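See below for the structure under consideration.
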Amino acid sequence: MNDTRSPLQTIAIYLGALLILVWSGGPFIWQFSTSFQLDKALTSGSPSLIPAPFTLEHYYNAFIEKQLHRYVWNSLVVSLATTFLCLFVGSLAAFALSRLNVKGRFGILMVILSVSMFPQIALVGPLYLVATNLGLLDTYTALIITYLALGLPLVTWVLFGYFETLPREIDEAARMDGVSVPGLLWHIILPMSLPSLVTTGLLAFITAWNEFLFALAFTSNIDRQTIPVGIANFTNLYYVPWGDIAAASAVVTVPLIVLVLFFQRHIIEGLTQGGIKE
Amino acid sequence: MTAAATVSGIGRPRLGKALPSALWALLLLTPAFVSLASVSFYPIINGLYLSLTNTSLITQENEFSGFANYVQLWGDAQFWNAWWHTMWFTAASTILETVIGLGMALILCEAFKGRGLVRAAMLVPWAMPTVVTSKMFGWLFDGQNGIINYILLHAGLIDQKVNWYGSPDTAMTTIIIADVWKTTPFMALLLLTGLQTVPNSLIEAARMDGAKGWITFWYIRLPLLMPTLLIAGLFRALDAFRVFDLVYVLTGGGPADSTETLSTLSYKVLFSTLQFGYGSAVSTAMFVTEGIIALAFCLYLIRQIRRAQ
């Protein structure tokens with residue numbers, strides 16, 4: 001289509017693309033730059049994108065004073081456990097729905113998808129009471145169990161979509177060879193689905209890593225609080241420590257961005273298939 | 001059918017103790033079912049019950065009180081205040097995100113150098129934790145040293161610093177801007193995949209006939225994109241309706257309740273006043289409102305699809 005474009009249109013397209021780039025990357029680049037600037041420079045009234053002088057003071061504050069690494073550890077434990085559980089439970093369900101003779105499987109899929117639309121605030125009260133009664137407040141368990149259910153609809157939906165693309169002849173051949181049902185899933189379907197498992201795993205991880213509401217309600221001290229709760233509570237007595245917040249933001253967001261950029265093609269495909277099924 | 005039956009018939013003797021496929025299906029679906037039933041369905045039903053009681057963790061009461069909570073809710077100015085804010089936030093952010101997202105998608109649809117980079121950058125706002133987004137906008141829109149005030153001031157667009165989220169007049173707008181920033185690029189990527197299914201031959205044919213760019217957009221691309229647009233809009237609206245993190249972290253519902261939404265109000269009633277009965281009534285009312293939005297959207301969608309046929 002390139003040859004049919006007038007120079008004016010080409011300029012408009014590049015300008016639009018530049019705008020999108022600034023829109024998407026600009027705010028975080030500023031946040032990143034902020035994390036290396038002295039408070040004095042930040043409040044001077046003439047902001048500069050290049051940190052001068054360059055400082056690691058905010059990173060020091062975030063880790064030493066605010067103990068950021070403990071929140072990171074809690075988030076890692078909870079998010080990794082959630083990811084593996086989601087993949088395990090989700091692949092069992094998606095496999096059954098895609099490969100075994102389940103009546104009303106589209107009905108079941110629709111119910112699973114609609115669950116993800118429930119307002120989470122309607123779940124948090126009753127779940128808090130259950131967690132209190134079972135002595136699960138301030139535990140990783142309460143968060144992991146909750147996040148499993150939050151991530152499950154998307155994971156199941158995306159994996160189901162992927163399994164559907166695998167040819168059925170494989171199943172029949174496997175059955176001829178006397179492979180059992182779990183064998184079919186474990187030795188044949190799952191190894192073939194590795195790219196999809198990585199993407200869905202990443203989606204489940206991001207869901208758990210970013211979740212705030214339940215973590216806020218279920219945890220009350222730094223031994224179990226996750227990063228979002230930690231950062232939300234990043235305040236000093238007399239002023240807002242924007243530099244420290246920026247440093248913490250960079251620490252928790254940069255690894256995520258690297259992962260996402262690395263797997264971007266798969267993520268877009270996976271999510272499109274989960275979000276909009278035509 | 002018969003072939004499949006024979007196949008499993010052959011397979012079976014070798015795994016004498018194997019379960020029939022229907023039992024396997026049940027077994028494999030059980031973990032997912034238990035998880036969703038206990039963490040999603042049970043709380044909804046329990047919340048419905050709690051909303052009919054005077055449960056409070058302070059007074060330790062939990063007696064059935066009929067519709068008392070809902071009667072109180074009906075006359076509660078704070079509830080209606082939050083209800084309107086939520087509706088406004090949902091409508092404004094969904095419309096802005098869909099329209100701007102469509103614009104972005106149309107640009108990405110064209111071939112240009114660095115398209116991969118732009119597409120990758122667009123995932124950044126989506127991947128960032130909402131709490132971080134919230135804090136980031138707190139810094140960008142800071143009334144004293146925020147870069148937005150600095151830029152607008154130097155561009156001559158405002159003549160004095162605006163106290164963005166510190167003033168009741170502009171706080172909700174700031175939150176909508178933050179939400180639009182975070183969600184629009186992702187919306188654009190969804191719409192882009194929809195646009196790419198529109199056959200190029202159709203557009204080429206229209207161009208051959210001398211149709212201008214906007215005519216091909218209006219009469220070919222947009223109608224074909226409509227189902228994707230509506231479904232993406234529905235999912236976005238349902239998600240926007242639940243907004244919590246952004247508001248709770250940036251303004252906490254203030255100043256002067258000007259950004260209070262149903263989720264933040266519900267959270268405060270539940271966890272600050274510990275009135276679980278009344279708090280559940282608020283969240284149930286929210287669930288009902290969300291259900292009505294979804295239903296209205298679906299009916300509209302079905303009508304649109306019927307008309308198209």
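For all residues, glycine too, the Cβ spot is worked out from N, Cα and C.
Features of the protein shown, as given by TrEMBL:
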| type | residues | note |
| --- | --- | --- |
| TRANSMEM | A:12-30 | transmembrane segment |
| TRANSMEM | A:71-96 | transmembrane segment |
| DOMAIN | A:72-263 | domain 'ABC transmembrane type-1' |
| TRANSMEM | A:108-128 | transmembrane segment |
| TRANSMEM | A:140-163 | transmembrane segment |
| TRANSMEM | A:184-209 | transmembrane segment |
| TRANSMEM | A:245-263 | transmembrane segment |
Which sequence-distant residues neighbour the transmembrane segment (A:184-209)? Criterion: at least 6 residues beyond either end, Cβ under 8 Å.
75, 78-80, 82-84, 86-87, 90-92, 95, 99, 143, 147, 150-151, 154-155, 158-159, 162-163, 166, 170-171, 174-175, 226-227, 252, 256, 259-260, 263, 266-267, 269-271
Between the stretches A:12-30, A:71-96, A:245-263, which one has more Cβ pairs under 8 Å with the transmembrane segment (A:140-163) than any other?
A:71-96
Sequence-remote partners of the transmembrane segment (A:12-30) [C-beta within less than 8 Å, at least six residues beyond its ends]:
5, 49, 253, 257
Would you kindly list the residues that approach the transmembrane segment (A:245-263) from elsewhere in its chain, counting only those six or more residues past its ends and only Cβ-Cβ distances under 8 Å?
28, 31-32, 34-35, 58-59, 61-62, 66, 68, 72, 75, 198-199, 202, 206, 209, 227, 230-231, 234
